[in-house]
Amino acid sequence: MRRSMPLAQLLPDIPQARDVVISGLVMDSREVQPGDAFVAVAGFGVHGLCFIEDACARGAVAILFEPPAPQGVSVPDGAIAVHGLRARLGAMADRFHGHPSQAMTMVGVTGTNGKTSTVQLLAQAWHRLGVRSATCGTLGVGLYDQLVPTGFTTPLVLQLHQCLGQLRDDGAQAVAMEVSSHALDQGRVDGVHYDVAVFTNLTRDHLDYHGDMEHYGEAKARLFAHQDVQAAVINVDDLFGLRLLHGLANGVRRVGVSVCGHTDADVMAQHLSLNLQGIGFDLVIGADRAPVRSPLMGRFNVDNLLTVAGVLYALDYALSEIAAVLSTLRPIHGRMNRLGGQDGQPVVVVDYAHTPDALGQVLSSLSSHVCGRLICVFGCGGERDRGKRSQMAVIAESNADVVLVTDDNPRGEDGDGIVADILAGFVRPNLVKVQRDRSAAIAAAIGIASAGDVVLIAGKGHERYQEVAGVRHPFDDTEVAMRVLAAMSAQETVR
């Protein structure tokens, strides 16, 4: 059943709002239902006022707009001008949906890498601890293991509060949420109450949007100044994380996590072991320790598990409970997913690594697992940070024995141009194999691999599409790799 509320409760200072009852707040005119208030604010390319006719035709009972109106666009009688409307949307949506984030334990996770893994592992841990958990992030929104894709790492502000209201109504007790730098910069999480704010790391990404690392870091830091944050879990092995920790407001509980034994750490991992069966370490909190043995692969998954441990510690779980549940957590789709490795086949790993730091971490982690060659397949997205393309080439050439460059969501950009940008970063580009057809590149990489080799397919992870010229074509790295491995097995059987 849809909610309804007098608009005056959301805009008590606006006289024109007194006699209107609304059933929803909507920014996209195509999503308006009868009884909704249509919210028109300035976008990156066009003002929402340009879509008033569509919103009214679909049954909008109120038009709220942020002045000034763009030149040449007429404002209909009865439309309500609200100065600073965008900045008020979070509080309005929070109130309209009955303050949903205050009814659940809310954990917001920000950082360049590790957000999705941390969020999904935390929700899985809560689930195993008997907590009805939910997530919001790159993989979608929903109760644990019931995700619905949204197309955003962090949904737009009105959609986000609606999602949180639905999660509350569905019985969620705790929500783990990815909070992107774009979301923080654009006010998408305004009005959300966070119990725990989490920082994973800060490395190069999204500089096409933020301009430089300083502004990128400033956007991430906004999460920790958010209303009502009770605790902050911060990776103090990261220099920016250390700055965050020491800059926290008084009254915020500080939980530093470290794999390097940092003196500011409250939660640490010691005595690490890595092999093809997974990872192991001692979880140390204060003077106490407990063993963790996990089937997850990769050194960076120690960081992810340690971050989850920090959150659970901040929520007052005991060391014994934390260590036990960490040992039960399973891999996440598209994050260091292992395929093959049996009957003389190479091991194939599918991972979402699409930044220089993430690619470097994955390759470095796999190098400790491999006894043969390390073969890397990667590309770079179109219409995104061009500066990282050559950097990823440097990382791949330095850490892999064989490199294949391919397409990875070229979008509206020329794929040959993207490849040229990548190749510019190689010292010996003549040794790099280029195959823009991603399926063919995956097949070629697996085809040249032998038993003992590891093939990394990097960049897309969980994604089930290849975006070319505005069209998302069905594509899944895991499915392609499994088909190639199955064909290899069939050939061996015939022989």
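A Cβ is built for glycine as well, from the same backbone N, Cα and C atoms used for every other residue.
What Swiss-Prot lists as ATP binding site is G111, T112, N113, G114, K115, T116, S117, and the listing cites sequence analysis. Among the features that Swiss-Prot reports, N6-carboxylysine is placed at K220, with the record citing sequence analysis. Taken from Swiss-Prot, the feature meso-2,6-diaminopimelate binding site applies to R384, D408, N409, P410, R411, G459, E463, supported by sequence analysis. Summarising the annotation, Swiss-Prot assigns motif 'Meso-diaminopimelate recognition motif' to 408-411.
Projection of Swiss-Prot feature records onto the structure.
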residue : record                                : contacts (Cβ under 8 Å, 6+ apart)
G111    : ATP binding site                      : V198, F199, T200, N201, L202, K220, N235
N113    : ATP binding site                      : T200, N201, T203, F300, A353, T355, D357, A358, Q361
T116    : ATP binding site                      : G137, T138, L139, E178, I332, R335, Y352, H462
S117    : ATP binding site                      : N301, N304, I332, R335
R411    : meso-2,6-diaminopimelate binding site : G381, G382, E383, E467, V468, A469, G470
G459    : meso-2,6-diaminopimelate binding site : Y352, A353, H354, F378, G379, C380, G381, D408
E463    : meso-2,6-diaminopimelate binding site : G334, Y352, N409, F475, D476, D477
(message) Can you name every residue in this chain, apart from G111, T112, N113, G114, K115, T116, S117, with its Cβ inside 8 Å of the center of the Cβ atoms of the recorded ATP site?
(response) V109, T118, E178, T200, N201, N304, A358
(message) With every protein chain in view, what's the tally of Cβ atoms within 10 Å of the Cβ of N409 (meso-2,6-diaminopimelate binding site), excluding that atom itself?
(response) 23
(message) On the three-state reduction of DSSP, what should I expect for K220 (N6-carboxylysine)?
(response) helix
(request) Between T112 (ATP binding site) and R384 (meso-2,6-diaminopimelate binding site), find the distance joining the two CA atoms and give it rounded to the nearest Å. (result) 15
(request) Specify all same-chain residues, apart from the site residues R384, D408, N409, P410, R411, G459, E463, whose Cβ lies within 8 angstroms of the center of the Cβ atoms of the meso-2,6-diaminopimelate site, ordered by sequence. (result) H354, G379, C380, G381, G382, D407, K460, Q466, E467
(message) Using the alpha carbons only, what distance in Å do you get between P410 (meso-2,6-diaminopimelate binding site) and K115 (ATP binding site) once rounded?
(response) 24
(request) Could you check the recorded positions K115, K220, R384 and say which one's CB has the fewest neighbouring CB atoms inside 10 Å? (result) R384
(message) Sequence gap of 6 or more, Cβ distance under 8 Å: name the residues on the same chain that satisfy this around G114 (ATP binding site), in order along the sequence.
(response) T200, N201, F300, D303, N304, T307
(request) Compute the C-alpha separation of K115 (ATP binding site) from R384 (meso-2,6-diaminopimelate binding site), stating it in Å without decimals. (result) 19
(message) Pairwise over R384, D408, N409, P410, R411, G459, E463, annotated as binding meso-2,6-diaminopimelate, what's the top Cα to Cα distance to the nearest Å?
(response) 17
(message) Test of understanding: give the count of other CB atoms lying within 10 angstroms of the CB of D408 (meso-2,6-diaminopimelate binding site).
(response) 24
(request) Report the DSSP secondary-structure composition of the motif 'Meso-diaminopimelate recognition motif' (408-411) as helix, strand and coil residue counts. (result) 0 helix, 1 strand, 3 coil
(request) Ten-angstrom check, please: count other Cβ atoms within 10 Å of the Cβ of P410 (meso-2,6-diaminopimelate binding site), all chains counted. (result) 22
